[in-house]
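Trainee: Encoded as structure tokens, here's the structure I'll be asking about.
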């Protein structure tokens with residue numbers, strides 16, 4: 001009887017956590033944009049017990065014992081297919097079940113051995129094709145997961161991590177301190193600039209730019225505890241594409257001719273994904289789409305993709321046994337002619 005009461009209480013607690021205002025809003029928009037696929041996506045997004053966590057190993061404190069243990073527990077290496085770009089130094093493991101490793105505690109002077117993340121968030125990092133010695137900008141870098149992943153791929157000549165939000169900036173600094181050894185810290189600059197000003201501050205400086213833009217983060221918005229606050233977020237949501245376009249304009253200014261830019265979000269929203277990229281492509285004669293369909297073909301055993309109508313854009317949607325995403329990734333190149 002006691003167990004039944006506890007179970008009922010626990011179920012009520014989970015039910016309370018889902019914000020109906022946000023779910024109703026998403027229901028209307030995403031059932032239209034995704035069609036039947038939305039039903040599965042909704043089931044997974046509203047059931048945290050189905051969520052999966054990938055384990056990204058830190059090459060600067062390589063945990064050989066942990067790696068053996070992950071194999072024994074049935075984890076497999078991400079991207080077993082042959083991606084066009086996949087550095088051997090990046091090691092990420094996934095389980096087909098929603099098993100979650102415990103997070104490591106931050107200890108000053110001790111580097112962490114692994115980082116837990118949504119595996120789909122590695123796609124924008126890999127799309128950037130980072131090489132040793134390149135100058136890289138992570139324009140909206142907090143809380144730092146993608147910066148850490150970039151450093152698993154190559155040794156940049158200069159990595160500029162920018163974050164305008166003060167709380168996320170604090171996370172970013174702590175994440176870098178937890179994963180990156182001192183010598184490498186010397187090539188990293190952390191700043192707190194409004195990303196829309198970066199292009200004017202550092203014009204044509206970077207070989208590669210990542211814009212992991214502020215967006216309607218579908219997973220976290222669904223669990224907004226304050227419905228009044230959630231309603232406010234939804235009403236302000238229509239302003240996000242304008243901010244995202246302004247961030248991209250700034251990133252394009254900061255990118256050298258011949259350089260690559262990757263734009264990513266963790267929302268399913270077409271207005272914040274395909275529409276933003278189409279607006280940018282229509283506004284610039286020197287910005288070209290880069291075909292990344294091959295990435296989707298190679299990764300199809302680990303991720304489910306929804307059609308985007310773009311050769312330069314991919315959309316990962318959560319699916320049964322592949323509960324990764326949402327993650328939109330688009331890849332652009334700045335040509336030499338203006």
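Keep in mind that glycine also has a Cβ here, set from the backbone N, Cα and C atoms.
Relevant sequence annotations retrieved from TrEMBL are reproduced here:
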type	residues	note
DOMAIN	45-335	domain 'SAM-dependent MTase RsmB/NOP-type'
BINDING	140, 141, 142, 143, 144, 145, 146, 163, 194, 212	S-adenosyl-L-methionine binding site
ACT_SITE	266	active site, nucleophile
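In terms of burial and nearby residues, how do these features look in this structure?
Mentor: Summarising model confidence by region, the domain 'SAM-dependent MTase RsmB/NOP-type' (45-335) averages a pLDDT of 95.
Taking the Cβ of residue 142 (S-adenosyl-L-methionine binding site) as centre and 10 Å as the limit, one finds 25 other Cβ atoms among all the protein chains shown.
All protein chains considered, the CB of residue 266 (active site, nucleophile) has 21 other CB atoms within 10 Å.
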Trainee: Just the number: how many Å between the Cα atoms of residue 140 (S-adenosyl-L-methionine binding site) and residue 266 (active site, nucleophile)?
Mentor: 13
Trainee: Express in Å, rounded to the nearest integer, the largest CA to CA distance found among the S-adenosyl-L-methionine-binding residues 140, 141, 142, 143, 144, 145, 146, 163, 194, 212 named in the record.
Mentor: 20
